[in-house]
């Protein structure tokens with residue numbers, strides 16, 4: 001059962017990579033003014049559901065299995081940390097979309113449009129551009145810090161991580177949608193990392 005949990009955890013690492021690949025392809029077509037196939041959008045949504053299902057299945061299997069030993073015990077923290085980093089991106093993007101923060105592709109500019117007052121386009125990725133820049137890399141580092149802090153048995157470190165991020169982001173939070181993006185993105189990112197730390201705990205204890 002422990003081996004099954006590790007396999008599921010590995011799939012949780014791989015699934016977000018495939019999901020992000022589809023998203024990148026969809027955004028590229030939208031930027032080029034090409035139509036995005038409906039099947040691609042469906043695959044994109046299914047990928048997120050599969051990711052959440054894999055994480056849930058891993059937790060259930062780990063909870064019913066005995067504690068890992070040997071190589072499995074050493075590999076579980078590493079795999080869980082990688083899954084926390086890679087899997088948080090799709091989760092954060094989904095939460096931002098549900099919260100009304102634009103995460104879809106930027107529509108191509110229409111040179112024949114009469115509206116000359118709105119020359120700026122909306123950001124294609126709210127975790128990377130827009131009110132809060134560099135969100136993707138910061139998210140990776142944030143989730144890595146959270147999951148390793150919890151696996152090290154130092155939950156007090158979460159307060160330091162969130163305080164550092166809040167202070168660093170404070171000057172940017174006055175921009176439109178910035179506070180919503182910050183709150184929703186941070187909660188989604190941190191909760192995903194906490195969940196992976198919990199899965200690692202279930203596997204190793």
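Every residue, even glycine, has its Cβ placed from backbone N, Cα and C.
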In TrEMBL, which of 125-143, 144-162 is tagged transmembrane segment? 144-162
I'd like to know if the transmembrane segment (144-162) touches the transmembrane segment (6-22) in this structure, counting it as a touch only when three or more C-beta pairs sit under 8 Å and are separated by 6 or more positions. no
Counting only residues 6+ away from its ends, which parts of the chain sit with a Cβ under 8 Å from the transmembrane segment (144-162)? 77, 80-81, 84-85, 186, 189-190, 193-194, 196-197, 200-201
